[in-house]
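Accompanying notes for the structure given below.
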Amino acid sequence: MSKQTFTTTFAGKPLVVEVGQVAKQANGATVVRYGDSTVLTAAVMSKKMATGDFFPLQVNYEEKMYAAGKFPGGFMKREGRPSTDATLTARLIDRPIRPMFAEGFRNEVQVINTVLSYDENASAPMAAMFGSSLALSISDIPFNGPIAGVQVGYIDGEFIINPDKEQMEASLLELTVAGSKEAINMVESGAKELSEDIMLEALLKGHQAIQELIAFQEQIVAVVGKEKAEVELLQVDADLQADIVAKYNAQLQKAVQVEEKKAREAATEAVKEMVKAEYEERYAEDENLATIMRDVAEILEQMEHAEVRRLITEDKIRPDGRKIDEIRPLDAVVDFLPKVHGSGLFTRGQTQALSVLTLAPMGETQIIDGLAPEYKKRFLHHYNFPQYSVGETGRYGAAGRREIGHGALGERALEQVLPSLEEFPYAIRLVAEVLESNGSSSQASICAGTLALMAGGVPIKAPVAGIAMGLISDGINYTVLTDIQGLEDHFGDMDFKVAGTREGITALQMDIKIAGITPQILEEALAQAKKARFEILDVIEATIAEPRPELAPTAPKIDTIKIDVDKIKVVIGKGGETIDKIIAETGVKIDIDDEGNVSIYSSDQAAIDRTKEIIAGLVREAKVGEVYHAKVVRIEKFGAFVNLFDKTDALVHISEIAWTRTTNVSDVLEVGEDVDVKVIKIDEKGRVDASMKALIPRPPKPEKKEEKHD
């Protein structure tokens, strides 16, 4: 296929798609140019079904530093593992694409997005999402799209689609919404305490804008789209399924209704093992035993799936016996740990998170050097999910995509209420350790983070709580669930996380397993989430009503002084010599910004005070008319040099020592002698002249003797 180009304008910027010129061996490939951002997307599918019990979809978002005219950092000067932002963008694209494949589809699919040029005012992630959907849609991969996504901002009561950098900085909302022509299927958002009504309107505005992008994709697919390949879907043997359902469905139904998680897991596992043992013995000599046992496992999973959903939709019974809108038992604790700067332990049913606060000087901020201009990140929220939290063994190592994503969600939820840098000049790190998990651990980490911040004396604007909402839908009837647990998440259709204060929402995240959800479901879920959020805030505020007025004794204290910008080099010294000497002497940490704000950090107030004295002395300037208690440091024939303070010396000319004539300076002064002097002049080069006699009353002139005349 020769190169074909398709052009439109979206949100005030040119959107150009090129097909047929590059990556022609992939199943589908596109080059998307949005503004001056260029993204190459290639989609590839394996020829055979994978052996696992899940859909092996991999979406990558690769940031090439040349796209922004930069050299990669580090010794190797080559791109390494994806940045946090790249990982989050890959997740952002994966989530709306994944539900658009058929149930039982098991061929491996890879969608690789490579950023070739970068324009900070034209969203490369949104271009990559568009390109991912289009590459799949024009390929022979059986993808039931297209989908598209947009960013939505909110400034002065107006919604803005795909805002530029300046607009996003002024926006009260940073929302990404994706979906198909029919419905929304992915949401990711941070917001400055906006109401449910505004958030819902933003979602609908975003979905409305998506229609234009989907129509553009459909236009392109009509011209260059390939016929979809016939692939084998994972299907179980119908006779085998009927046999197992008839024999064991009643036992599995009973096991599913055991309310306690571990007991329920044991009961369902016992039924499954019994069934597997029977059929493995029955078909032991069959050459297709492996396929049969795979089908047995899949049938049992489908039976459990169907029963959990039936109980909720028909009988309104949840696995643990709760009502549809009921939250699990809550508990909140502060000061769980000694010595740390703040800690909070939050428990919701069998989900428990410990959050630990660390405060540090601003010099500890994380430097983010990606495609965008380098910036410093003051607030970090890290989320850890050890396997013991679900009673299992597993891999331990670097944080995976899920942990990075959950950490970022908590970060968005909490950073909206943090004090400004001027109010609280600290770098802030929260680490959430999930100690138990039965669903909604990311929201528990937000609640625990609120507790840790307030316990640590961080003056947040308001406490934040989070809740996860679920959905069970049969296409006609639906049930929205409050505070979903693991089984409801696993077998449900939606995981809709909502975090916020009493004033409004600070973060949203939605993932679904069906093609999309309606505005009515969104509205109902937001309303139930608000009610639940207020219940959780009641528990948090009963434990700690407001941030403590003081930091923990172990936290670094801070004092800030202002110096003239031209004195910064004096404090730092040649090659950092002066500031290093101060730090070595006092044991403090010092940060100096470009405006002359000097921040001094230490857990020892005396060390801070001593540092302030030293710096004040370094930047102090002599002033004409001021009197100083000085020390003679050098004697010359023409006068004496005296030290006024620190490194500031002055010349006391021989004529300024006394009102009477001084013949030899050394007859009057000696090195090391303390004298009081008054500054009488500072020249344009900063040289200081001082006087001793100016502090001594001038003696009266001697009277003239009368002449005698004979």
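Cβ from N, Cα, C; glycine included.
The Mg(2+) binding site annotation in Swiss-Prot covers Asp489, Asp495. Taken residue by residue with DSSP, Asp489 (Mg(2+) binding site) is part of a helix.
Annotation comment: Swiss-Prot describes 700-710 as compositional bias 'Basic and acidic residues'.
Per Swiss-Prot, the feature domain 'KH' maps to 556-615; the stated evidence is sequence analysis.
The domain 'S1 motif' annotation in Swiss-Prot covers 625-693 and is backed by sequence analysis.
Sequence annotations record features per position, and here Swiss-Prot assigns region 'Disordered' to 691-710.
Across the domain 'KH' (556-615), DSSP assigns 32 helix, 16 strand, 12 coil. Take the binding-site residues Asp489, Asp495: by the count of other Cβ atoms within 10 Å of each Cβ, the lowest one is Asp489.
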